[in-house]
Ligand SMILES: Cc1ncc(COP(=O)(O)OP(=O)(O)O)c(N)n1
Ligand SMILES: Cc1ncsc1CCOP(=O)(O)O
Ligand SMILES: [Mg+2]
């Protein structure tokens, strides 16, 4: 399976009161991966929301990824995204099986990505590339690092952090396969604009590979 396209990531604050309508609008425009990212510890709500997203993703044939929580991913039979402090990849792979999509945060370090590849990651994520209101303190990565990573890694490369329609093109030109976006997608004023943005992100990835 080729992992290339828009990687939409939910944000519980930004999507308050419009969670499912905005997510469905994005799916309508085309989403390769959807990540459920909720940093709260309300486990019951997290399970409920993840189940709803799972249903929606099944309808749109989009793969769901759970941020941070391999146990919840296993419960739903979906993928997981793990940061450097979210637990090791090898047991997550054993828990979720060989077909699950498992992503790893690598900040700006190609060595972390090479290690993640050895441990069975399905894609590696670098960033933040731009200022991010969602995660302002994330370590900064550069286009030069991305180009280097492209030459050294066989895995799909995901880029994250302040990605918008106005700044995504150089990321694609330097080797990104997946554009991971929160505000640049869900910060729209209407569902119609979310769908338009999703289509436009996908168009950026269509013609180069
Ligand atoms: C696609 C993608 N890339 C990076 C991250 C960041 O993961 P992490 O460093 O664990 O930070 P949190 O998102 O958990 O705050 C991500 N979630 N998704
Ligand atoms: C989770 C995460 N990791 C690095 S930046 C970031 C936030 C991405 O959100 P936005 O697209 O709004 O900058
Ligand atoms: Mg994490």
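Backbone N, Cα and C define each Cβ position, glycine as well.
Just so you know, TrEMBL annotations never went through curation; they're auto-generated.
For 6-184, the entry in TrEMBL reads domain 'Thiamine phosphate synthase/TenI'.
Annotation for residue 35 (4-amino-2-methyl-5-(diphosphooxymethyl)pyrimidine binding site): spatial neighbours 7, 8, 9, 10, 64, 65, 66, 67, 81, 180, criterion Cβ-Cβ under 8 Å with sequence separation of six or more. Annotated 4-amino-2-methyl-5-(diphosphooxymethyl)pyrimidine binding site per TrEMBL: 35, 36, 37, 38, 39, 67, 105, 135, in sequence order.
Per TrEMBL, the feature Mg(2+) binding site maps to 68, 86. Taking a C-beta cut-off of under 8 angstroms and a sequence separation of 6 or more, residue 86 (Mg(2+) binding site) has the following same-chain neighbours: 68.
Of all Cβ atoms in the protein chains displayed, 20 besides its own lie within 10 Å of the Cβ of residue 67 (4-amino-2-methyl-5-(diphosphooxymethyl)pyrimidine binding site). Largest Cα-to-Cα span within the 4-amino-2-methyl-5-(diphosphooxymethyl)pyrimidine-binding set 35, 36, 37, 38, 39, 67, 105, 135: 16 Å.
The average per-residue pLDDT of the prediction over the domain 'Thiamine phosphate synthase/TenI' (6-184) is 97, rounded to a whole number. Among the binding-site residues 36, 38, 39, 68, 86, 135, the residues whose Cβ lies under 6 Å from any atom of ligand 2 are, in sequence order, 135.
Ligand 1 lies within reach of 68, 105 from the binding-site residues 36, 38, 68, 105, judged by a C-beta closer than 6 angstroms to any of its atoms. Checking the binding-site residues 37, 39, 68, 86 against ligand 3, the ones with a C-beta less than 6 Å from an atom of that molecule are 68, 86.
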